[in-house]
């Protein structure tokens, strides 16, 4: 019994980390721009598709270009559409980004067709690793590594670089940042692009695990929203803790009561919301209250 | 002057009313000579989108093969979405109220089908379901206006179980947690004993689950000889992919019913495995001439072979068009009567809708994923039909008592 529990918890961690990666992009876009991006999942799917296309054309190494490409697409979307939503009614951004999600899904279907695209882990990452009672696939270990590296890099960028400081300052007091002579609109364009690129990284990593199809994001984005709600909107630390919690709770629920698996993360969210309405690490943000 | 004005106004109102009456009469008249409107309800988005596309292409092809006409009048198709039971039901209503369709072909998911059927019965509009395998559709929930082409779960399980028994004794169930999955559990449990099988585990998986790794760890721990599944569409593709990723593909065989070709095309040869029951397969030497013509027409139009869903959409539309021709009318009762008398005699075994439950009585095919897949689309080897003769087929579909449908009068 212990064997299987160890494997389930490890598996839950990996799954949780993928949710964290999706959730962090969502959280950054909200924290810094004040826009809840319902199209986040569409960028996730777009990442998987661009990755698949690059793989078809140039082989595995080229796949690494998918996130920057999706990031650029995100920036173009910010300049044409998202920019107009800043400081407006939150409901408006929900509707517009929801429409954007449908549009991107339809565009994917138009370009690549409604069928899924076969995409498997690269040959050197195929197979499983067994360490004592722990059983995990090589590819999932690689996902864990890539996700951790991405999250650490992102954290270091936000915490220690001057650019990161501008972002954090801009999210709290945009007027002051502009008074200091910083071109905030350009910064915000980059932030939205960054959020989309993060979604694309998750999409590329998930592509060999989950079927690459136009609606692939639907099942992955819901947990990410739950993770953001549990962790606290805009909180980086919160997203990580909540993501891992959701992953482990789901894995263990499947082990003991599979029928309740889908409900388990909502139950967790419900419990946390009752105790801490702003989520685990949610702070009071004057801009949104 | 005032009086005149009053008069005029009254005249205008009367004239308008007259026009309205004329208009509506004209509308009714148009339905007898103008286009014959037929509704389609197949998924356009979400995990079922590719299934929906193949179904639609099949129905469309049947219309094209009929020259785009029925009773000498042009056919007008309207395709609405099947995203979930509620919206599918509303779309059914919309097709009837707004598009004035004479019949609807559609419904791939048992849950949506059950919702749409109630509208068909209430509005007295014939509905032919090309998918949806749950027993109750032609069982206790049956109605006079609903027909179904796909074989029921018990029929498919009965075809599958002897092959499961060849693979081993201990079975584990991985089924979706809704009507269709519960039906798989119920009917296979009833067949365990006679096939010498025992159940070592069961997981009912919520629909739209993206990650199956935790389930797979659990199945691995339980060490069954065979895994019996019933996951559908995108969920099934995700499962296959992770089953392969976790090195289970060659360790525990997988057997399932009601799968479709796109589930496998979507994940590729590397992850495809198992033994399956499906309605039809394009590379089956026993396909009829009409089916071969359909395959050729499809290939010409889309540059690839059709999936079994294409066949389902095609045969459902063919049955409807042939029945409208036979009825010489688009009146719904006449169509229902004609469908009840419709019979297809293209192949070795003729098939028809049984008049007392509206189930299409026709064997399904048993297929196995090839060891070496070399073609982009040809993944399966045809093993055999679920029943060899017409007598056997009739028997496999069960008796009136077993089915439990009490059909109301027309």
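Using N, Cα and C of the backbone, Cβ positions are placed for all residues, glycine too.
Per TrEMBL, the features are as follows:
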type	residues	note
TRANSMEM	A:12-38	transmembrane segment
TRANSMEM	A:58-79	transmembrane segment
TRANSMEM	A:91-112	transmembrane segment
TRANSMEM	A:141-163	transmembrane segment
TRANSMEM	A:184-210	transmembrane segment
TRANSMEM	A:222-246	transmembrane segment
TRANSMEM	A:258-275	transmembrane segment
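Beyond the ends of the transmembrane segment (A:91-112), by six or more residues, the same chain brings 34-39, 41-43, 45-46, 49, 53, 77, 81-82, 85, 214-215 to within a C-beta distance below 8 angstroms of the stretch. When each of A:12-38, A:141-163, A:258-275 is scored by its Cβ pairs under 8 Å to the transmembrane segment (A:184-210), the top-ranked stretch turns out to be A:12-38. Taking residue pairs at least 6 apart in sequence, the transmembrane segment (A:222-246) and the transmembrane segment (A:12-38) share three or more C-beta contacts under 8 angstroms.
Tertiary neighbourhood of the transmembrane segment (A:222-246): same-chain residues 12-13, 16-17, 19-20, 22-24, 26-28, 30-32, 40-41, 151, 154-155, 158, 171, 265-266, 268-269, 272-273, 276, 278-283, 285, 288, selected by CB-CB distance under 8 Å and a gap of 6+ residues from either end.
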